[in-house]
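As recorded in Swiss-Prot:
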CARBOHYD  156  N-linked glycosylation site
CARBOHYD  169  N-linked glycosylation site
LIPID     277  S-palmitoyl cysteine
TOPO_DOM  33-251  topological domain 'Extracellular'
TRANSMEM  252-274  transmembrane segment
């Protein structure tokens, strides 16, 4: 008859070893969970107009913060927006130093309140941005029609350049200053009474176009860099019309006329009042100086 097998009682040294092993496992799990709670940034996107440049990313932080670094291909990394809870970082001051360079940025993720913590590879989680060349990729800002003047059957239209955040000798440069002849303007113009548009192009800031005498025209302009493959065109400028300008002068004329009319009325009223006062004063004086009748 076989003796029943009883559960084995562990020896003291075996129990200690198992306890130590279990503690080590818990420590690893806790460390791993701390790392897992820090999420790497994603969807890094450059947003740039007239060289005002902001890097955006996701996700909104939960118990974590971000730091951004930027570099040229041959340069050193520079840290910006330290330990921020924002999901964007303004990098304009770096990229305007040389807008023809190609830049790369990266976003580091840190646990909130423990920025010294690193990932499993011995460094914080991070994600790289796409490469960005401002001269080739920044969006062109909306231009403005500065003025237009008609002489006979010719109209001279002048475009006002947008200012950029690129500086030279402590002066902000215009789009024309930065892009030179790479920048052209396209003018769209049409009769106020018609929807048919005509176009004209120039690599300066002025247009001289032929128009029909006696007709009012409307204008809109667009900035274009033909050599680009992306972001070639700006949005159209606000529409300006010749009739609107005449209407403004007419409105000013009416206002001035109304003011003059009111002033004339006030002068007349004042003159009548003064005349009545003088007449009343003369009558009173005559009565006072008249001799009394003695009966």
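Glycine residues also receive a Cβ, built from the backbone N, Cα and C atoms like all the rest.
If you take the Cα of residue 169 (N-linked glycosylation site) and the Cα of residue 156 (N-linked glycosylation site), they are about 32 angstrom apart, rounded to a whole number.
With all protein chains in the displayed structure included, the most crowded Cβ environment within 10 Å among the glycosylation sites 156, 169 is that of 156. Here the C-alpha separation of residue 277 (S-palmitoyl cysteine) and residue 156 (N-linked glycosylation site) works out to 60 Å.
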